[in-house]
Amino acid sequence: MNMLSDAAAEKALVKKMNEVNYKMVGKDVSVYYGEKRALFDVNLGVRNNTVTALIGPSGCGKSTFLRCLNRMNDTIQGAKVTGLLTLDSKDIYDPDIDVVELRARVGMVFQKPNPFPKSIYENVAYGPRIHGLARSKAELDQIVEASLQKAGLWSEVKDRLQESGTGLSGGQQQRLCIARAVAVSPEVILMDEPCSALDPIATARVEELIHELRANYSIVIVTHSMQQAARVSQRTAMFHLGNLVEEDDTDKMFTNPSDQRTQDYIMGRFG
Amino acid sequence: MSVGSIVLVVLVLAALGYFFGRRRAVAASAKSGVKLHSLSGYYGQTVALFTAVPALLLMVAWLFVQPIIIESRVSDMIPDSVIPQGGALSLVMSDVRQIAGGLDAVLANTELSEEALNSGEVDFTTIRARMAEVGVALAGDVPQEVYEAAKAYRQGADIGRLMMTVAVIGLALGLLAWSMRRIEPRMRARNVSENFVQALLIGSSTIAILTTVGIVFSLVFETINFFKLYPASEFFFSTVWNPQFRGGSDLGILPLLWGTLYVSLVALLVAVPVGLMIAIYLADYAGSTLRSFAKPAIEVLAGIPTIVYGLFALITFGPFLRDWIAQPLGLGSSSSSVLTAGLVMGVMIIPFVSSLSDDIINAVPQAMRDGSYALGATQSETIKRVILPAALPGIVGAILLAASRAIGETMIVVLGAGAAARLDLNPFEAMTTVTVKIVSQLTGDTEFASPETLVAFALGLTLFVITLGLNVLALYIVRRYREQYE
C-alpha cells in the first residue's frame, strides 16, 4: 500500500517536472568533501525566469548546492558530486561538457564583492574578452555599457571607467560583479549571499536589480535574510543539515509551510 | 681591571639588584598594606636594568672614545721631522701602538719595573733587546720621539682604563642605590619595564641604520681619496682596465661593468622564466603533497655554497660548453666564459625567484580565482590575466632580490668567467666583473694609499649606486603598475 503511494508520488513528481518549464534540474544530488557528506540526495529544479531562494541555517548545504550548479565545487580539493544535474536537459557533469563553457552559461556572484584589481572597464570586459564575444573595440564598448546598464551602475561610473574597480564602494563593487557576470550573457545567475557584506541601502539597490534581471535570466540566490527571500524570490527552497526540507512558492512557504522545521526557521526558533 | 671583569662585576651587581629589589618591594607592600602595582619580579627587573644597562653603555662608549682622545694627544708629540718622506702620520702612529704593546709584553714577562720605565732610566736600545726576548720584533729604526710617544700612549691607556673602571662601576652602584630607594608599592614597575623594552627595540633598529650609513660614508670618503689620485673621467669612461702596481695603470670601470651586467643578464634570463614557471606550478597546479616536498627541495639550491657552484662551473659545465658548443661553432676556445658563469649563476638564483614568487602568488586571495573561474576562464587564463598582475609588485621584488644577488656574486665568476677584463659581445669569451676585481685589487696589499688599491672603494660605491638605482626603479615600476587587491 505504502509502496504504491510512493510510486504514485514519484509519478506525480515526474509529471509535474515535465509540466513546469525547468532551466536546471538536480536529481539525487549528493556532495562529499573528502569523507564528510555535505548534501543528501537533493531533488531541486530551477525554473525559467524565476528567482529561487535557498534558505536554511548555516552549514545546511545551500551554498554547496549552489556551487554544484556551475561546478565551482571542482575547484575544491577532495570534493565529489554524485547524482544528476542538468542544464536544458543536458547532464552538466557529463565528460562531454566543457566546464569552461558551462560557467559562461551559468554565472556566479559571490558573498564578498571580488572585483579584479583592474579598471572598471577591464572588470566587465574580462569575460567577453576570454570568450571572444566582441569582434571589435566598439562592440566590446557596447557590451560593457550594456552590462553596466543592466547592473544599474552605468550612470555612476560612466565618467570613470578607467579607474580601479576596487576603489568603488562595497555596494557598487557588488553591482560591478553582477555586471561582470551579465557581460558574458549567461542563462542562469547564481548569487551566494550577495548582500551579506552590504549596507541596507546598497542591499535595496541589489534587490531591485535582481527583480529586473529576472526578466532575462533564471536566478538562484542563497540568503540568510528571510525578508530578502520573501521580497525577491518566487520560489523558496529550505535546506537543513544537508537535506532539502521542502520547496514551494515563496508566498506559501512564508505563510503556510508544510514542514514544521520551515515554520520554526522562518519564525526564528532555530538556525 | 680588564673589560671582562668589569662586565662581570656589573652583571653580579645587577643580579643582586634584582634579588634585593624584589625582596624590598614585597617587604614594603607587606609593611604598608598597600597592594603592589606590578608583579614583584618587575621591581627586581627595574633595579637590574637600571644597574646594568647604563653602566655597560657607558663602557662601550668609553672604549670607542678613549683611543681617539689618546691618539690625538700622542700624535701632537710627534714632530713632522719624524714622519718619513712620502709616508703618513698614520704609519708612524701604528709604530707607536706596536711599541706600546711591546712595552706591555716586556713589563709582564721580565723583571723590569713600571717606575724604571717611566722615570726614563731605561733607554730604547735595552728595550729593543728586551722586546726581542719576549717575541716582539720592531721594524727599522725607531726615533726617540716615537719611543716617548709610545710611553705616553701606554700611560694614557692605563689612566683611561682606571678611570673607566671607576666610572662604570660607580655608575652601576649609584643607579643601583637610586633604583632601590625609589621602590614603593605604588611604583608602576611594569610600565617602566615596558618602556625599557621599547627603547631597546628602537636602539636595535638604529644600529642597523647607522651601520648602513657608516658603510656608505666610509665608501664615499675612500672614493674621494681615490678621485684625488686618479681622474674620475678616466675611471668612468676609459675602456681599458690594466692595473700596474708600479703605477701608471689604466683603471677604466667600463669593461668590468659590462662583464657584471652581461653575466647578471644571462643569469636572470635563466632564473626569471624558470623560477616564475616553477612558482606558478607550485602555487596553482601542484597538489599539496607534491608542493610540500618540491618547495624545500628547490630551496636547497639556495643553500649550496657559491664556491661549490663555482667548482661545478669550472670543472664540469665550462669544459662542456667549450667542447660541445663553443669550439664546434668556432666561437672561442676558453672554458671560462660569460655563458658558463651566467648559466650556473642562473641556476643558483632560481630559488630566489621561485620561492618568493610562490609565496606571493599564494597570497592572492582565493576570491580572485573564484571570480575568474566563475566567468568561465581556464586556469592559465586566470593566472595570466588576474593572478600575475595582482602579484606583480611582489614578483618584481623577488626578481630584484635575485638580480642583486647576481650582481654581487663573486665566486662563481672567478671560477666560471675568468679574470680578464674585456669589452666583448661574444658570450663564449672570458670576462670578469666588478666584484672579482675588488677582490683581486685588495688581495695581498693592505696599504690604502695608491690608486690601485683605493679603486676598490670606487668600484664598490659604483656597485652600491647601481643596485640602489635598481631598487628605486623597481619601486617606481611597482607603484605605477600595481593592481591592488583590497
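Cβ coordinates are placed from backbone N, Cα and C, and glycine is handled just like the others.
If you look up TrEMBL, you'll see B:257-474 marked as domain 'ABC transmembrane type-1'. The transmembrane segment annotation in TrEMBL covers B:6-21, B:42-65, B:159-178, B:199-221, B:261-285, B:297-321, B:341-365, B:386-407, B:454-478.
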If we skip the immediate neighbours and take only residues 6+ beyond the ends of the transmembrane segment (B:454-478), which ones have a Cβ under 8 Å from one of its Cβ atoms? 216, 218-220, 222-223, 225-227, 229-230, 235, 243, 251, 253, 256-257, 260, 392-393, 396-397, 400, 403-404, 407-408, 434-435, 437-438, 441-442, 448
For the transmembrane segment (B:261-285), find every same-chain residue at least 6 residues outside the stretch whose CB is under 8 Å from a CB in it, and list them. 291, 294-295, 298, 338-339, 341-343, 345-358, 360-362, 379, 383, 387-388, 395, 398-399, 402-403, 406-407, 409, 413, 417, 427, 431, 433
Quick test of the contact rule: Cβ under 8 Å, at least six residues beyond the ends. What residues does that give for the transmembrane segment (B:386-407)? 260, 263-264, 267-268, 271-272, 275-276, 280, 284, 345, 348-349, 352-353, 356-357, 359-361, 363-364, 368-369, 371-372, 377, 435, 463, 466-467, 470-471, 474, 477-478, 481-483, 485
Quick test of the contact rule: Cβ under 8 Å, at least six residues beyond the ends. What residues does that give for the transmembrane segment (B:42-65)? 3, 6-7, 10-11, 13-15, 17-22, 24-25, 36, 160, 164, 167-169, 171-172, 175-176, 178-180, 183, 187, 189-190, 192-193, 196
